[in-house]
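Worksheet for the structure shown next.
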Ligand code: HDE
């Protein structure tokens with residue numbers, strides 16, 4: 001076909017010489033795999049083959065300069081690439097979660113042991129060796145999406161199981177109880193905990209008046225507050241956190257028998273925490289501490305693992321066990337009364353490829369159930385059944401969020417749900433209703449193997465009830481307190497004292513002290529002493545009972561009773577040019593196989609060298625802080641060097657000491673310790689002659705997580 005030339009003539013033809021036109025082969029877009037095979041090389045397609053395009057696939061000539069009328073003229077509306085680029089950017093954010101905004105996810109698998117078959121017919125639990133894909137999202141509750149990881153807070157532990165029977169979501173926390181018994185109080189506790197509305201401070205913490213104003217009056221939160229003031233609220237890592245379903249579930253076996261069940265995640269690395277000062281320093285030194293820790297562990301092949309455990313209790317008409325109301329989410333069932341039976345293994349082995357697409361868009365729901373797992377009438381759980389679907393509508397912009405890759409069920413989906421915002425399916429057929437004769441009444445319902453709600457009886461008068469069995473607010477708070485070791489109790493005292501010390505209202509402090517006085521007189525006295533105020537009388541509150549005398553539950557304490565695994569533990573080794581560098585290799589070969597990481601720390605970057613060795617420096621005294629390490633080693637040859645003499649080295653050792661971490665010096669490294677007053681006779685501090693001797697004491701200490709004797713001594717308590 002001939003084209004008309006309008007004034008351009010031969011000139012215009014030259015502007016687009018035929019030989020420069022793209023061939024059909026070149027126009028084929030490069031194939032790319034959105035799940036690129038290598039996370040280290042997220043490049044899509046062959047190097048050099050990618051072309052920048054608009055959202056419509058048009059190749060872009062220049063993305064650095066806007067279209068203007070002349071070199072100094074205004075920008076033209078006609079520049080579609082500019083407008084598309086800016087418009088898309090303007091809309092890059094979606095509303096963050098109102099709670100649990102800050103989180104980090106990972107993919108993995110769950111393998112069933114098969115022993116749960118006697119309790120549930122859920123195939124992913126009941127079938128031995130069945131593997132189910134999962135996506136897990138860990139989170140803090142109060143902070144906004146950009147807040148720090150290591151704040152004092154509850155952690156979310158939400159797991160999406162892509163089972164062959166549909167998606168099951170276990171949307172739990174790292175604490176087994178909750179602040180409120182009824183969902184209607186959830187907005188209140190969250191509003192009280194969030195930053196004060198007029199100034200939007202403080203961020204991501206409960207150390208302020210409105211939180212303590214609420215919980216000191218709303219005493220059913222006393223047990224959960226005790227957990228929140230314990231070391232559980234400052235985990236060392238997501239990998240060392242327990243998880244809990246919190247509510248009691250009703251499980252149904254294939255033969256129709258039902259049980260009341262509490263669900264637990266037990267980390268194979270043990271349950272460990274930071275200490276408070278360490279957590280605070282980490283917030284500044286590395287606000288991404290927990291997500292980095294998880295991502296690096298997975299990248300390095302040290303896959304975190306948890307066992308799923310069940311506490312199985314009889315399904316009695318009153319739904320209690322040993323006098324504990326199983327519908328009250330402020331109650332635990334002590335493991336000593338009902339042991340946790342392990343029924344499967346969760347392994348996280350893949351980091352998300354894209355934070356937004358996966359971690360931000362994953363949508364959990366307590367109502368995502370599979371046959372064999374049922375909810376109960378726990379009023380908190382019932383409210384959640386409403387909330388999660390509702391929140392996804394505003395967060396993910398419509399009802400089709402299950403079609404997002406991260407949420408897409410692996411079981412076949414054939415619903416009559418149609419259209420709506422962000423519909424990505426191209427549905428065919430016309431009979432989108434039932435009954436239909438047009439398409440043989442398909443898809444058909446499955447009364448035999450579909451989800452059938454249990455015919456549990458329901459009766460009673462409508463009303464805003466407050467069951468008598470929900471009125472004991474203090475027995476389990478006391479149970480938690482008396483189950484803690486002396487050093488853990490000291491940390492709880494410190495946490496209450498810190499948080500109440502940050503409150504301005506004396507009335508609020510006094511009221512909370514009266515709550516503590518009701519739980520335990522020693523606890524109240526110690527917090528009051530720290531605040532410098534008298535202990536008020538125990539709180540009197542109409543209609544509220546407890547505490548009854550409580551038997552300690554040793555399972556609640558995090559103190560290791562025996563050495564644990566050291567995977568993912570980080571040892572920082574301070575070395576200097578000309579010093580003994582062999583200690584690094586020794587530690588790496590001895591601890592590396594167990595998944596521990598040994599990092600070289602020096603006064604300068606680049607390499608440190610000695611007679612015949614050169615080591616790459618991974619951290620300098622400028623870029624590091626003690627919180628990165630679970631143990632600190634000072635190598636021989638550092639004394640009298642810039643590394644040994646630096647004031648930051650003294651801070652590093654002092655912090656590691658205060659945080660109960662193993663510290664070891666070999667050779668003249670002892671002088672570096674001596675400069676901060678340590679002589680190797682303190683608990684968990686070791687001075688050895690030579691590099692060959694470092695391993696013994698270090699491994700033992702690392703496996704116990706901290707020097708508990710030292711932490712106890714620092715806290716001024718006897719016993720561990
Ligand atoms: Fe949630 N919760 N919650 N919650 N929750 C949300 O749902 C809510 C509760 C938990 O990583 C929201 O998708 C109500 C208990 C986790 O995406 C929201 C009540 C437990 C996550 C919501 C509770 C949890 C959420 C916000 C009182 C422990 C993060 C974004 C009845 C068992 C999931 C979203 C993720 C998230 C409501 C109480 C755990 C607003 C109304 C108890 C781990 O729907």
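Placement of Cβ uses the backbone N, Cα and C atoms for every residue, glycine included.
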One of 179, 186, 321, 451 listed by TrEMBL as binding heme at the site of 97, 137, 384, 388, 395: 186
Range annotated as region 'Disordered' - as stated in TrEMBL, picked from 472-502, 503-533, 534-564: 534-564
Between residue 173 (active site) and residue 100 (active site), the C-alpha gap once rounded to whole angstrom: 10
Residue 100 (active site): secondary structure state under DSSP, collapsed to three categories: coil
Binding-site residues (384, 395), the one with most neighbouring Cβ atoms at 10 Å: 384
Separation of alpha carbons, residue 100 (active site) and residue 388 (heme binding site) (Å): 12
Residues near residue 186 (heme binding site) in space but at least six apart in sequence (CB under 8 A): 180, 380, 383, 387
Residue 100 (active site) and residue 395 (heme binding site), Cα-Cα, nearest whole angstrom: 13
Which of 97, 137, 173, 388, all recorded positions, has a Cβ with the fewest other Cβ atoms inside 10 Å: 388
